[in-house]
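S.K.: Before we start, here is the structure in question, set down as C-alpha cells.
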Amino acid sequence: VIRAKVVGKKLMKDGPFGTMRYTVKQMKMYKGFQIMPHVQYIYTEASESLCGVKLEVNKYQYLITGRVYEGKVYTGLCNWYEKWDRLTLSQRKGLNHRYHLGCGCKIRPCYYLPCFATSKKECIWTDMLSNFGHSGHQAKHYACIERMEGYCSWYRGWAPPDKTIINATDP
C-alpha cells in the first residue's frame, strides 16, 4: 500500500496481451515494508478489459494497493487505487492511524441480505448492497478494527479508537 505519483509508463511485450509498467515516485509506504521497502514500478494488465488500471503520468498522486509476485508489484481493478485528492479525510486518517488496527480482521462483503459474520474477526461490508463498492459510505468513513477480546467491528471517529469498547451500532 503506497502513495505515489506516476512519472512514466511503458508497454511491456510480455504475455499474449502485454503488461503496462508504470514508473512511480513513492511518496509514502503504508504497508509492505518487510516484503519490498521501496517501489519503483507498478505492473498491471495493458487492457482494462483484462482488469488493468489506467494511471495518468505526471498528473496526480495515487493511493495504490496490490500484491507482490516474483519481486514485482502488481495492481488491477480488484485492488484499491484512487487519486489521493479524492480520498476522504477518514480514509487518509485510516491509512495513517487506524487501518493497521484491523490487520487481524477480515472484511466480508455483503451482496444481499441477510448477512452474518461467521467469526469474531469479521466486519460485514454493506457498501455492496447499494452497488457502491469502494466508493460507498462505509468505505469512505469507517475502518474495521480489532476491539475488546479480539472482536472486529467498524469504527468511525476522530479520536484514537478505544479498543475496550465494542459498538455494535456502527454499520
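In case you wondered, yes, glycine gets a Cβ from its N, Cα and C as well.
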S.K.: C144 forms a disulfide with which residue in TrEMBL, given the options C115, C123?
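M.R.: Of the candidates C115, C123, the one TrEMBL pairs with C144 is C123.
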S.K.: Choosing among C51, C152, which residue does TrEMBL name as bonded to C105 by a disulfide?
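M.R.: Going by TrEMBL, C105 is disulfide-bonded to C152.
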S.K.: Among C103, C110, find the residue that TrEMBL gives as the disulfide bond partner of C115.
M.R.: C110
S.K.: Enter the number of other CB atoms within 10 angstroms of the CB of C152 (disulfide bond).
M.R.: 23
S.K.: On a C-alpha basis, identify the one among C123, C144, C152 that is nearest to C110 (disulfide bond); the candidates are the disulfide-bonded residues.
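M.R.: It is C123, whose Cα lies nearest.
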S.K.: Which one, from the disulfide-bonded residues C110, C123, has the smallest tally of other C-beta atoms lying within 10 Å of its C-beta?
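M.R.: It is C110 that, of the disulfide-bonded residues C110, C123, has the fewest other Cβ atoms within 10 Å.
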